[in-house]
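Novice: Questions regarding the structure given below will be posed in turn.
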Amino acid sequence: MDGPQPRALWSSSEKNVSEMSWNFGGEYFRYKGIPFPVGMYSPESLSLAENTSNVRDDDIFIVTYPKSGTNWMIEIVCLILKDGDPSWIRSEPIWQRAPWCETIISAFNVLDRPSPRIMSSHLPIELFTKAFFSSKAKVIYVGRNPRDVVVSLYYYSKIAGQLKDPGTPDQFLQNFLKGEVQFGSWFDHIKGWIRMQNQENFLFITYEELQQDLRGSVQRICEFLGRPLGEEALSSVVAHSAFAAMKANTMSNYSLLPASLLDHRQGEFLRKGISGDWKNHFTVAQSEAFDSVYREQMHGVQRFPWDTSEEDSSPDGQPDPEPSPSPASDDPNPGSSQ
């Protein structure tokens with residue numbers, strides 16, 4: 001490990017995240033070469049996630065690269081497990097319903113949670129829980145257009161206390177393309193996980209598919225989990241996992257977190273919940289730089305819903321007079337998409 005020495009900020013027995021005192025400095029450390037924010041993670045918490053034997057065959061893991069639809073999928077799965085009844089999602093914070101595997105407050109430290117457990121992770125496949133690969137537990141991996149990911153992550157970095165200041169849009173874009181952001185390279189992350197696609201306990205789905213056909217996507221997820229729903233329950237899942245419903249739900253919109261963790265004065269956690277917002281932020285030069293790296297990194301990899309001729313070209317129109325306009329300049333409420 002190199003970089004600043006992480007400090008444990010709480011004991012593993014503390015569970016009420018919304019009432020904790022957080023002291024973040026925006027510093028990162030590296031674990032097996034990948035950057036992680038100090039305070040939220042530690043070498044010990046990452047090693048626990050990687051090496052624990054606490055995996056059950058009916059566990060459900062929701063895995064994403066940051067800002068790719070994690071919370072949306074958590075909401076959907078929670079509703080599916082309750083046959084569309086929204087009582088659970090309205091009474092327990094989302095981070096307790098689907099705790100993180102790799103944080104210092106680790107899901108694996110809570111041994112008495114009833115089955116089936118939902119757990120969340122941003123870990124790349126090479127650091128993921130080894131015991132999963134010899135189990136019948138299931139992973140739902142959500143992918144998203146990396147152009148939208150970088151915009152959402154830029155805004156999130158402005159309000160999240162544990163993350164480095166993103167700097168200028170150009171600086172942040174370059175860091176993203178080099179993998180010098182939390183959890184490392186988006187390209188390596190998705191290429192690693194999609195190798196699992198032929199496994200029956202792995203489902204790959206995209207943010208764009210959820211947006212284009214939420215009902216059909218929920219049916220796919222139900223089939224994967226072996227939990228078919230009737231029409232009424234299915235409609236309830238769709239209605240209560242919609243962006244507007246999540247944004248209005250205090251148990252799902254992260255408004256309960258302290259300002260030291262999320263500075264709500266600077267913006268909302270659930271910002272827009274749309275696809276294609278990158279076109280409102282990238283200059284032509286930034287889009288061309290992104291596309292060049294994308295083509296190089298993803299050569300020979302399967303095509304995704306965002307791999308269209310439209311997405312592979314620069315946004316319409318001419319760049320703004322400023323060579324690198326701040327994305328925050330056109331949004332009065334900067335925050336982070338789901």
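Glycine residues also receive a Cβ, built from the backbone N, Cα and C atoms like all the rest.
Copied straight from Swiss-Prot:
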type: BINDING; residues: 67-72, R144, S152, Y207, 241-246, 271-273; note: 3'-phosphoadenylyl sulfate binding site
type: BINDING; residues: W95, W100; note: substrate binding site
type: ACT_SITE; residues: H122; note: active site, proton acceptor
type: REGION; residues: 301-338; note: region 'Disordered'
type: COMPBIAS; residues: 327-338; note: compositional bias 'Low complexity'
Novice: Could you measure between W95 (substrate binding site) and R144 (3'-phosphoadenylyl sulfate binding site) for me? Cα positions, answer in whole angstrom.
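Specialist: Distance between the two Cα atoms comes out at 21 Å.
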Novice: Distance check, please: Cα of K67 (3'-phosphoadenylyl sulfate binding site) against Cα of the residue listed as 'active site, proton acceptor', rounded to an integer number of angstrom.
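Specialist: Spelling it out, the Cα of K67 (3'-phosphoadenylyl sulfate binding site) and the Cα of the residue listed as 'active site, proton acceptor' are 10 Å apart.
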Novice: How long is the line from the C-alpha of A244 (3'-phosphoadenylyl sulfate binding site) to the C-alpha of H122 (active site, proton acceptor), rounded to the nearest angstrom?
Specialist: 25
Novice: Same chain only, sequence gap of 6 or more: which residues have a CB within under 8 Å of the CB of H122 (active site, proton acceptor)?
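Specialist: Same-chain residues close to H122 (active site, proton acceptor) (Cβ under 8 Å, separated by 6 or more) are V63, T64, Y65, P66, T70, W100, E102, Q182, F183.
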Novice: What residues, ordered by sequence, lie under 8 A Cβ-to-Cβ from R144 (3'-phosphoadenylyl sulfate binding site) and sit at least six positions away in the same chain?
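Specialist: Spatial neighbours, sequence-distant, of R144 (3'-phosphoadenylyl sulfate binding site): T64, Y65, K67, S68, G69, T206, Y207, E208, W306.
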Novice: What are the sequence-distant neighbours of S241 (3'-phosphoadenylyl sulfate binding site), meaning same chain, six or more residues apart, C-beta distance under 8 angstroms?
Specialist: W72, E75, I76, L79, L214, V218
Novice: Within 10 Å of the Cβ of W95 (substrate binding site), how many other Cβ atoms can be counted across all chains shown?
Specialist: 22
Novice: Out of K67, T70, W100, A244, give me whichever of these binding-site residues has the highest number of other Cβ atoms within 10 Å.
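Specialist: Result for the most crowded candidate: K67.
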Novice: Taking DSSP as the reference, which of helix, strand or coil describes W100 (substrate binding site)?
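Specialist: For W100 (substrate binding site) - judged by DSSP and reduced to three states - the answer is strand.
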